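Below: one structure, written as structure tokens.
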């Protein structure tokens, strides 16, 4: 019959440090008269694996054969010879724990458990520690034994130890430093270092008398002398894990016999610690990880306490202040606390840790509670205190009054230790890492040492219920001190004040519980579409209803309702505390109930804000109708990752509305929109009431906020906004804001598959607009929308200017009459801008877009699509609104093969250049009208000297460009863009961040964008360009710079006029004050005023006022601009001219000569020369006439030389052959 697993009858065992074998195991069991010291040593030897069976007091029990059923020892240990490789089985040890002896590992065979719960907590702790045993042969014991044999005070080196023990020096060093870290060895300085036994260890071993170097037990008179010291010291069981059990057994024996410990306190003394040995105990000194000494909850509590006092700290500083040494010791704890929402970090290298607001509030409340004076608690019996420590059942003993006495306990009962005549309070014991408790039945039996019997399978009834340690009953059953009825309760007002600091819902529920009242949240109404619902909630406390609240989510609605209820309750509680009379409080209650009733049946003005729409949608629609831009600004983000808080506010222009906080961005935006709408509603109410309107009129006007907002002028804002957005979206917004329906219809489709043609037509409010033809459906819709927009907005603008109440269809004749009226009759111009609150730059942009839209609203579809607009506005005085005198669009340059030797092509069709050429034509027309009789109505006046004319001091010219000029003025990203602001300061702050900024740049031929000029001298030639050399045209930023030095008039008009400079420059998009001012004026004064001092009178360096539009913010539009270019000046009346920018001629099959070409402008110069009797200039060529203006020519050469000297590059001009054409004398 094979022996059952886990049992052996042979029991042979070879010790690694002993030359002989134990051929026979000693099964001497202590009888009733045996010494307790002998039993203690047997118990220790059994725990170390040196005995196969557990010793029992009081009865001799022979080793049981495996065939006997029923009774089994608690820890059947099978020890076999290591050379034979037999298995060692310890009952109760889980799988995965291995024995290690002489380098050979033997896995445990886990027996099938028979479910049995432990009878008491102390034994469960003992078994759980026993399950953590790891039996192995350690080099540490060999080294310690060798050093002990050397004698006290003697030391040796690692090299000698390696030779004596036959172990590699590397392994010896590792063990030596490990022992030194545990405090068992002492390292002496030297090379190589000397090692010896630590003084504290020797003193303890000699004083305690447990084990001497010779191997005899000092305090065991009945110890087994056959066991040599090597049998006991060179054990294969880990000392670190056995130490708690040795301490328990030693405690039991010392309590029984009164043996004095090294700390000079008797075990039975009042100051003794039954659960822990002195500080040199191996159970604590052997733990290398600092976290092993401390409970995780204790570490977290220390971290929270420290952060509560210092507000923030790094991980290293935290570790040092709570008793650790390195940051890595608490990094894992901090990360775990961050997940729980107790702390959060800022920064990365290294992070700074803070307490979260919620954790700080909880700690503050806890501290405030603890600070309340408590009644003296009842004295805790010593039995409860002692039950917190690990104990073993020991025999009863009647000793002196200061001895420990225990009652007889049965199997499965809790041992209760009675302490008699104890007057001194015992200090709080050091805390060990809590043992691991396994849920479920234990795999080890329980031994009744007093009765000397093995435990049976019978489970007592008292073990069938969950039991806690005696020390835990008080914490669970007794009511906390702050709920004690003996303590004075805080007032309702103070409680409400504390609850107000929390989440509104949590605070209200806490107050209701405090006041022993029921609190309910009732949903009254749900409205709105499924994608944007609206919820209305109401708080009911003990049947009392509070004002409801409405929001876009249930959570927010509950929070708002709770906040309203908290506000009302707080006011009532405050009134009671302030000592108001009952009548006043009753009156306030009635008043509040009336408000509640009113809130339950809200007026239409209160509900019309968000009827069927979300607050964000309603606010955006209202802002669209007002022509203002609306922005949701994220002010801050707080809180941990699992519970963030976002703070948002709404900004409309320069006005900012109150900010709100919410747990999500969507909810925060909705709440911010609600606040903005309420503020707007309040402003509208106040403004209407201030106009002395009847009360019925006010309520009727407030029935719908949207019906009030269109009363403000919005058409100008729509004009600027719609013309700078996607045409389809702009038309749909326009139609929706006016209550119309808009649609696009495919009228016709033709052409081959590789080149189809689609004819689209837009319909708005039942009215069809002109059809357009395109090569794709998308382009067709965009162009149809653009055409419809221009017709609609043009009609509205004309009606507004002329004071019409209704919009009438615009025909060619009416347009012609309107344009003539606007251009010739100053009385027809409005004196003030209809756009309330707009800035100066908004006025300039509005005039430019209005004029362009009026000219092109019924023009051909070739003008549709993305374009760049530039215009020059003239103001006759500071109060004059201004009039557009020239405008142009375009973004192309002529191709090299389209150059003309006769001046018949326009080389640069960019919007800024075209508007300036139109401005020159305007100046020619004004000069032709000038005479001494009509000088009062002219914009000119005689200059000093009388030979030339100059612009009157009150007349100013302003340039508007819908985007930044190409070249140096547009070389920045959008993050550098400046916001629009109305500033009276005209000082420039140019940006010079790197040497590349300020360089001259040329435009790309037949494309968009610019490239820098080369550093070498470049002289373009006619034949080179014709043969394929790249045609270079200076960028718009560089040309505007030249206008601010030499003037807008050019070389030819310098014969008759003084230089004319711009007063301001306004941009609609991509504006940066530092980059723009550097590009258009300030780069020539980078090194001071030396350049300006070299200019001859009347030329100066002009620094115009710069700014951007604020009533809209254009979005970036993808796709290339069209090749067409439009030019117009005030002298042309209603006549628009459309050019092909790549050819420089009029768009059409005949390639007609443009009116802004060199040839036509030179023709106007010839007419002016005849009119002013300058016959000397009539016979000159175009180039010669320009050079004849010597002052201008000198200033131009100086300007080009200055740019080169400053390192900006060479100015590149067109070939000279292009300027050598003549005209017949006029």
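Yeah, the Cβs are placed from backbone N, Cα and C, and that goes for glycine too.
In the record from Swiss-Prot, residues 910, 966 bind Zn(2+); the candidate from 1036, 1081 listed for the same site is 1036. Which of 258-286, 287-315, 316-344 counts as region 'Disordered' depends on Swiss-Prot, and there it is 258-286. Within the list 26, 106, 1116, the entry that Swiss-Prot describes as asymmetric dimethylarginine is 26.
Swiss-Prot tags one of the stretches 208-238, 363-393 as region 'Disordered', and that stretch is 208-238.
For the annotation phosphoserine, the record in Swiss-Prot points to 614 among the listed residues 491, 614. What Swiss-Prot records as SUMO1 cross-link, among 358, 418, 1200, is residue 418. It is 574-610, from the ranges 574-610, 648-684, 833-869, that Swiss-Prot records as region 'Disordered'. Local packing around the modified residues 614, 629, 636 was summarised as the count of other Cβ atoms within 10 Å of each Cβ; on this measure the leading residue is 614. In the three-state DSSP assignment, the secondary structure recorded for residue 629 (phosphoserine) is coil. When averaged over the domain 'DRBM 3' (726-794), pLDDT in the model lands at 83. Here the domain 'DRBM 3' (726-794) has, by DSSP, the following mix of helix, strand and coil residues: 29 helix, 22 strand, 18 coil. Calculated from their C-alpha atoms, the gap between residue 629 (phosphoserine) and residue 614 (phosphoserine) amounts to 18 Å. Geometry remark: residue 636 (phosphoserine) versus residue 614 (phosphoserine), CA distance 23 Å.
Under DSSP, residues within the domain 'Z-binding 1' (133-199) fall into helix, strand and coil as 35 helix, 10 strand, 22 coil.
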